[in-house]
Amino acid sequence: MADKPMAQQAAQAVPSGGAVRRASLSVHIMRFRELGLLGFVVLLALLVQWRNPSFLTLENINDLLRNAAILSILALGMMLVIVTRGIDLSIGATLALSGMITALTVSANPGMHPMAALLLGTAIGLACGSLLGWFVARLGILPIIATLGMMNVFRGLTFTISGGKWVSAHQMPDSFTGIATGSILGINTLIFIAIVAYAVFHYFVNHTRTGRQIYAVGSNPEAAVISGIPKERLLWLVYAIMGALSGLCGVLWVAKFASAQGDTAMGYELTVIAACVLGGVSIAGGVGKVSGVLVGSLLIGMLNNALPLLNVSPFWQTAIQGGIILLAVLANVWVKRSVDRNHLLRRRI
Amino acid sequence: MKRRLILMLMFLLSISLLAAACGGNNNSGNTGNSGASGTEGNSSGQAEAKDDTPKKHAIIFKNAGNPYGEKMIEGFREAMAELGHEVIAKAPDQPTAEAQIQIIEELIAQKVDSIAIAANDSDALEPALKKAMDRGIKVLSLDSAVNANSRLVHVNQADPERIGRTLIQAIHEMIGGEGQIAILSATSQATNQNIWIEWMKKELENPVYANIELVKVAYGDDLRDKSVSETEGLLKSYPDLKGIIAPTTVGIAAAGKVLTDKGLKGQVQLTGLGLPSEMAEYIESGVCQWMYLWNPIDVGYLAAYAADALVKGDITGAVGETFKAGRLGEKSIVRDGEDGTQIMLGDPFRFDQSNIAEWKNVY
């Protein structure tokens, strides 16, 4: 709020005319760091719309959001993990495990309330995440190694529990698949859950002591410990949250596709990490915003939705996807750099 | 610091042990009764002599924990039980050629009499399989073929031509003979799907289908999320679309789900190749009136009889030879491509509302 008048002052104080113009331009940009990315999203949307007019229809936007909902929820948890300088490669496996156990439970008890299924999945994910958090926080195992190991353990468990079999649509009651097709207040349940998750995370990250402490641990672990921040407990918490979200998404995934396979979401963790990095979360830790992650997830969701609409050769699709992600990151970095330059400008005065 | 390092090492060790244990479970199969090998000796010299002593027949599938593969192995075991032979069933944890090569080496060391393999790569297995054949082991492929140099014969689950043509005939009947259709395939590199699609296109050249237009071949990569996005893309890009053919299990189920969610039952028809358990919901609801698949039990069963005939010397894998395949009756060896030979299982099997209930619990 206080940014704007201060920045205007700064702009006026700069002597040369050219600099004034550049600075005031940056002032507007500065109000939203992820503007570069957002601009890119809008540009891409217009481009796709020009190629295929059915892109910006209500139905397609609904489909897009529905497909991106799970990714965006996972990206929130991943953001916290990356902010603490960690990484979680096990989320795809956790998602599959929770989805498989929930699907088996639901097919055995068709009368189960959908809410109970969601809670069960979240609890399984929480257990997986807590175990991981314990490994990382207490035993001090490098996150990449701990999560890589547990990824295989969870994936193996999924196969063992299911006996290699799939749980198919005809084994799931309508109330369960209804989780993904139903709506709350006129909004699809998946999208609704994502919105709630973003609201809660926005508050948690920006307005609670624990939320701020997570960033402190990420940007300078030593200083955080010296100033009395319980680093171990926070690390554990971060992985537990990630696990719980993966568990929740496992149920959503299975309900959405009406099928639970052993290899559900294999490799999905990389997409989630990509969404985070796109959204400006720094792998080096300490940096990451909820709004950025949202835009990053939306961009990936948009690519997945738009590429089938454009008549491009399947051989080109992945290359185009990679190229666009790279361009988006470049655009974002460029905008951020000009923002930082503006910050430096202000500091001198 | 030291303690932490030791803990880390311990953890890694336990993980690798766990992984090994898991792998062991999946791979174990039926390896008992190994004492018999001593009396048999190397069968290469006496392969022509017809003896009825129990033999060791191995089957390798693409990866462990695949219900389709398990049914195939089940059929293989069933036939071998009828013939009174021993079965060694193996499958790697990951669907890679490297893992299969390792298994082949193990089987060569165990001196099995035949190896039936569903290959993860048609060319990469050639050195290993050639080595096996040099040692007198009869090699055949099933489901997913290896190249003609590395096998004696291939057991083809279904005639690609019959599949391609049948699917077009089915969609033609469903949409009433005219309108736009699209194909939702697996990956753009999938050998099986590409051959079937080629045959579909050939069938479409028939003037009977003059009013049917194939608008797009989309690739869902056998991933749920991508198959859903591709189906949604098809429906939006071609609002007049009348039918979708999905010759892949994940694709057809994903398309069935999208059509169900969007309430397009009756407006957009769906057929293809799918697993009965996955498709039961959509066949029963009428979103997909009927679809096809071969019977994996029969694929394994036929491969077992072919393996037995090869070991006994009844067939050598040359075109024109015939043999008896238990309940499947007389089968003959036909040409496959330029220099290979194969045995065809027959027409794909049709699943519709009348029989889906009994099949949905099978596989």
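Using the three backbone atoms N, Cα and C, a Cβ is placed for every residue, glycine included.
All annotation found in TrEMBL is predicted automatically rather than curated by experts.
Annotation source TrEMBL lists transmembrane segment at A:35-52 (among others). Here the transmembrane segment (A:35-52) has Cβ contacts under 8 Å with residues 29, 278-280, 292, 295-296, 298-299, 302, 306, 309-310, 324, 327-328, 331-336 of the same chain, all six or more residues outside its ends.
TrEMBL lists A:64-82 (among others) with the feature transmembrane segment. Long-range contacts of the transmembrane segment (A:64-82) within the same chain, counting only residues at least 6 positions beyond its ends with a Cβ under 8 Å from a Cβ of the stretch, are 88, 91, 95, 143, 180, 188, 190-191, 193-194, 197-198, 201, 205, 214, 238-239, 241-242, 244-246, 248-249, 252-253, 256, 268-269, 271-273, 275-276, 279, 281-283, 285, 288, 290, 293-294, 296-298, 300-302, 304-305.
Per TrEMBL, the feature transmembrane segment maps to A:89-109 (among others).
Within the chain, the transmembrane segment (A:115-137) has long-range Cβ neighbours (under 8 A, six or more residues past its boundaries) at 86, 88, 90, 94-95, 97-99, 101-102, 105-106, 143, 146-147, 150, 154, 176, 179, 231-233, 235-251, 255. The transmembrane segment annotation in TrEMBL covers A:115-137 (among others).
A Cβ distance under 8 Å defines the sequence-distant neighbours of the transmembrane segment (A:144-164), meaning residues of its chain 6+ beyond its ends; these are 87-90, 92-94, 96-97, 100-101, 104, 128, 131-132, 135-136, 260, 262, 264, 266, 269. If you look up TrEMBL, you'll see A:144-164 (among others) marked as transmembrane segment.
Annotation comment: TrEMBL describes A:184-205 (among others) as transmembrane segment.
Annotation comment: TrEMBL describes A:234-255 (among others) as transmembrane segment. Outside the transmembrane segment (A:234-255) by six or more residues, the chain places 69-70, 73-74, 76-78, 80-81, 83-84, 86, 88, 90-91, 94-100, 102-103, 114, 117-118, 120-130, 132-134, 136-138, 167, 172, 176-180, 190, 193, 197, 210, 213-214, 217, 264-265 with a CB less than 8 A from a CB of the stretch.
Per TrEMBL, transmembrane segment is recorded for A:267-285 (among others). Remote same-chain residues near the transmembrane segment (A:267-285) are listed as 33-34, 37, 71-72, 74-75, 78-79, 82-92, 95, 151, 218-219, 292-297, 299-300, 325, 328-329, 332, 336 (criterion: CB distance under 8 Å, separation of at least six residues from the stretch ends).
Taken from TrEMBL, the feature transmembrane segment applies to A:292-310 (among others). For the transmembrane segment (A:292-310), the list of distant contacts is 33-34, 37-38, 40-41, 44-45, 48, 51-52, 54-55, 60, 63-65, 67-68, 71-72, 75-76, 79, 198, 271, 274-281, 317, 320-321, 324-325, 328: same-chain residues at least six beyond its ends, Cβ to Cβ under 8 Å.
Annotation comment: TrEMBL describes A:316-335 (among others) as transmembrane segment.
For the transmembrane segment (A:184-205), the list of distant contacts is 62, 65-66, 69-70, 72-73, 76, 80, 211-212, 214-215, 245, 248, 252, 256, 290, 294: same-chain residues at least six beyond its ends, Cβ to Cβ under 8 Å.
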